[in-house]
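Just below is one structure, and these are the notes that go with it.
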């Protein structure tokens, strides 16, 4: 049975994946507030609500490594990332437990923005993609370890999904390559350090 096929009712989903549900709810609320209380221009709006901003971080606003993980811009960006959370992020939470999951999700997101800060000239950025790529990095680690946490059908799904997302990352000029690749590597390394292939006690 493929773990990435969702069959739960709404109530079952909330019970089975509480942290993912909370993360999705925060993203929805954040998205709504950004559109209810916008700035004069789009860049003003995302800066005001805590987007990654290179100059502001240089000035000591380090919270901007965290807040953009919960921000999405545009309906398509919002829907795509929430769909990824609904399908992939939720599964990782269920497989490895809440504590290890939140370290990987948030850690990969922060590492993605830190990588952008160190190796990119991008001034503004936002989105959960670095964290989501971190989750894919965790699944890649589990797949390479041939962890019993993953069934064969799920394991065969991971590489194609990852490759599709990487190709899209490199062909879309609006996507932060450093953020995605940094998140992917961060998720993989954190998974290795946390030994997520070992079953929870």
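Cβ coordinates are placed from backbone N, Cα and C, and glycine is handled just like the others.
Feature annotation from TrEMBL assigns domain 'Peptidase S54 rhomboid' to 60-194. According to DSSP, the domain 'Peptidase S54 rhomboid' (60-194) comprises 106 helix, 2 strand, 27 coil.
Annotated transmembrane segment per TrEMBL: 21-38 (among others), in sequence order.
The annotation transmembrane segment is assigned in TrEMBL to 69-92 (among others). Long-range contacts of the transmembrane segment (69-92) within its own chain (CB-CB distance under 8 A, at least 6 residues past either end) are made by residues 3-4, 6, 13, 16-17, 20-21, 23-24, 26-28, 30-31, 34, 42, 46, 49-51, 101, 104-106, 109-110, 113, 126-132, 135-136, 138-139, 154, 161.
Sequence annotations record features per position, and here TrEMBL assigns transmembrane segment to 101-119 (among others).
Under the heading transmembrane segment, TrEMBL lists 125-142 (among others).
What TrEMBL records for 154-171 (among others) is transmembrane segment.
Counting only same-chain residues 6+ beyond the ends of the transmembrane segment (177-196), those with a CB under 8 A from a CB of the stretch are 95-96, 100, 103-104, 107-116, 119-120, 122, 125, 127, 129-138, 140-142, 147, 149, 162, 165-166, 169-170. Residues or ranges marked as transmembrane segment by TrEMBL: 177-196 (among others).
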Chain residues in Cβ proximity to the transmembrane segment (154-171) (below 8 Å; excluding those fewer than six residues from its ends, i.e. six or more beyond): 2-4, 88, 91, 133, 136, 139-140, 142-143, 146, 177, 180-181, 184
